[in-house]
Amino acid sequence: KCTHLKKLKEARIVHAHILGSAFKNDIAMQNTILNAYAKCGCLDEARKLFDEMPVKDMVTWTALISGYSQNDQPENAIILFSQMLRLGLKPNQFTLSSVLKASGAGATDDKFGRQVHAFCLKYGYDWNVYVGSSLLDMYARFDQMDDAWFLFTALESKNEVSWNALIAGHARKSEGEKALRTFSEMLREGFEPTHFSYSSVFTALASTGSLEQGKWVHAHVIKSGGQLVAFVGNTLVDMYAKSGSIEDAEKVFNRLLKRDVVSWNSMLTGCAQHGLGKATVRWFEKMLRNGIAPNQVTFLCVLTACSHAGLLDEGQGYFALMKKHGVEPEEAHYVTFVDLLGRAGLLDRALKFIREMPIEPTAAVWGALLGACRMHKNVELGAYAAERIFELDPHDSGPHILLANIYASAGRLNDAARARKMMKESGVKKEPACSWVETKNAVHMFVANDDAHPQRAMIHKKWREISEKIKQIGYVPDSSHVLSYADQQEREAKLQVHSEKLALAFALISTPPGSTIHIKKNIRVCGDCHSAFKFASKVVEREIIVRDTNRFHHFRDGFCSCGDYW
């Protein structure tokens, strides 16, 4: 009973009583006490009792291995399992399930897990539902989804754990569509989703920004009578925020039964990604007033928000506040602070900060400075920052492209071409830009100058119409975003077939008038498209939400949520 209720103090009293009784050396009694300590997370006392036991059986070893596995000490579980095998003991289904869980969490690759799989085959436990579920979870944690599905298909009986392992595996790989499909199959087979099922699906859908599918799963939670307990509620807040609906994220946050630091961080992350700098600051101050201690993620969120919103003084204050709360800055915090200074135009100060940092500057730190140089057209400092990045991370295409853009913006096309040539000679390849729109449960993807879509003629015609209208109200194509020796007219023509513009044109002909348009892009939105979308939002009288790798851009009535700090 103490074990079930996690009553550690009472368990110790019972243990003391047993030590003075005739059952002092009874192995069944000792195993029960050891299991109580392990389940209550008191591993030191469990290990002490284990070492003192004159006789140990399989239950003894399994109880401690399970304790280590369930309390984030996978390495100790693996070491103990190896010791047990050397003594010639035969593992049972509970031992194997626990050690497989540990191997998925504590090993760097699936080598040890595959060895345990061999033991499962040897002892005939591979088709056992508990061991099989742990096996497929182990493979899923190492992104071996084909192996996980093979094991799942071969299981004679399945349970919620085996389904959840597959859903979680797809979620970890940001495979929202596959996670949702697996979740739907689970429902069709008559299995009841658990909190873990919902949490994994919301995480997967957050990674792809699938708002409509996320709403459908949320509706299923409500219909099934599910409660917004901590981790389900937190992932739901995160899903709405990352899918472009910060209003729904806030509604869910307000309905959470209990709010922890993860709940608050989810709201802070959402506001920061949506360019709501002042709102992020307000949420942060409210969090402090509610007595929630901020952690490293909290400060990263608020610093990012201040950087994107141009809140220089606030950002500097919060960076200094980290020490007061006992939070040591990590690489990401230094990157964001450099970005804060750089966006504000304080490039010399940003460089000085980098040189005085207590850690060695990384490629990401120099990358933040390079991005600021691109924004403020500082060619010399940009070239210097790029050289540092090439030394630290020569295989990243981003810095090469940024440097070429800096040269192109300054009219130094020869230098831009040389930067491109160096990138090509280094074997570095740029990720192709693509944008996509979801309509009527179908995803429509576009690349630059796309002519593969069945409605290509209507799409290109629609964008030409929009282009003419936005030029009439002030849009001027920025040809510096085209790295080419072509004449001005041809450079401007290339701008008009960027993937996000084609996606917008398709959305305009495929969605009801007045509805919000959601576009996603796999890399950062191009500067010219950003300018064009501001004017387009005014012309078409619709809100356009673009999610790129950096953040959300809300275009409405000729303005963007990121203001002048894009």
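Glycine is no exception: its Cβ is also placed from the backbone N, Cα and C atoms.
Unlike curated entries, TrEMBL annotations are predicted automatically.
Across the domain 'DYW' (474-566), DSSP helix (H, G, I), strand (E, B) and coil residues number 37 helix, 16 strand, 40 coil. Under the heading domain 'DYW', TrEMBL lists 474-566.
The repeat 'PPR' feature in TrEMBL is assigned to 26-56 (among others). Helix, strand and coil counts under DSSP for the repeat 'PPR' (26-56) come to 23 helix, 0 strand, 8 coil.
Annotation comment: TrEMBL describes 57-91 (among others) as repeat 'PPR'. Mean pLDDT for the repeat 'PPR' (57-91) in this predicted model: 92.
Across the repeat 'PPR' (159-193), DSSP classifies residues as 26 helix, 0 strand, 9 coil. Positions annotated as repeat 'PPR' by TrEMBL: 159-193 (among others).
Remote same-chain residues near the repeat 'PPR' (260-294) are listed as 230-231, 233-234, 237-238, 240-242, 246, 249-250, 253, 301-302, 304-306, 308-311, 314, 318, 325, 327, 551-554, 560-563 (criterion: CB distance under 8 Å, separation of at least six residues from the stretch ends). As annotated by TrEMBL, repeat 'PPR' applies to 260-294 (among others).
Among the features that TrEMBL reports, repeat 'PPR' is placed at 295-329 (among others). Within the chain, the repeat 'PPR' (295-329) has long-range Cβ neighbours (under 8 A, six or more residues past its boundaries) at 261, 264-265, 268-269, 271-272, 275-278, 280-281, 284, 287, 336-337, 339-341, 343-344, 346, 551, 562-565.
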Residue counts for the repeat 'PPR' (260-294) under DSSP, helix then strand then coil, are 26 helix, 0 strand, 9 coil
Sort the residues of the repeat 'PPR' (295-329) into helix, strand and coil with DSSP and give the three counts. 27 helix, 0 strand, 8 coil
